[in-house]
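Take a look at the structure set out below.
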């Protein structure tokens, strides 16, 4: 294969094209902490703030910000009796590897679902960086991350996957689901086919099996939070943000959050079951508060705060030159476009 010319390589990596990831803002930990503190004060639960923060971070292409996010999340992640049946890595690192496992898997699941809103490349690059970060910073944890795929479609499960996607689609867009599908088909006959068959079925709806018994599923309600966060962060898609705000409300109206949190806390002994049931009830109530006008405004403003921090970091990096693979500014002479 012929080599690329220096001028072509230079143009591909020209700073004005922003070829690299957004660097982690110096204050990103403070931004995440403020969002997490507000979530606790408003009693929204611990998962919603992590879901929106991770989704916004994937959208804004800042893989190096996921390390601080995971460290913060591990200190606040709700304990789960179900995790006691999963492998427990050594706790010699700080924070402990066992405390990091569930939020790390949760972040990976969110990154996967971001494909439906951001496209594949950013998720590939960010998940790859996140995996490398875990191997470097938490080597004992990395060996316990799931390696078993759960979303393969086969002749035996394709009908179930399709039904799952159709159920999620109707749940989000009812009573306009059929009308919306018809409108999409007018734009292109394969548009709703691809959206339902490639995204809502195998990706956005959670597969029935759990990973190592861990509490890493995103769930119906938080999938709407992920959608809102991604779309708000990418900008220019207000109608879709509105649709998924309604989608979050419909999840609560339909009682999806009650089923999700009840089903997730059924393992363990009687004592642990009682404590887990109480915690799950509090989390379900938090989703109900999150779906209110005040809660949805908080989601949007939280994403805006992350976006503002990322924009400032990207602007600062652009002044210094291009950004390297780790998402940090590296000195590089600016090139001018001659096109």
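Heads up, the Cβ atoms here are built off N, Cα and C, so glycines get one too.
Of the listed segments 57-77, 78-98, 99-119, TrEMBL assigns region 'Disordered' to 78-98. From the options 1-26, 27-52, the stretch TrEMBL describes as region 'Disordered' is 1-26. Summarised by DSSP class, the composition of the region 'Disordered' (1-26) is 10 helix, 0 strand, 16 coil.
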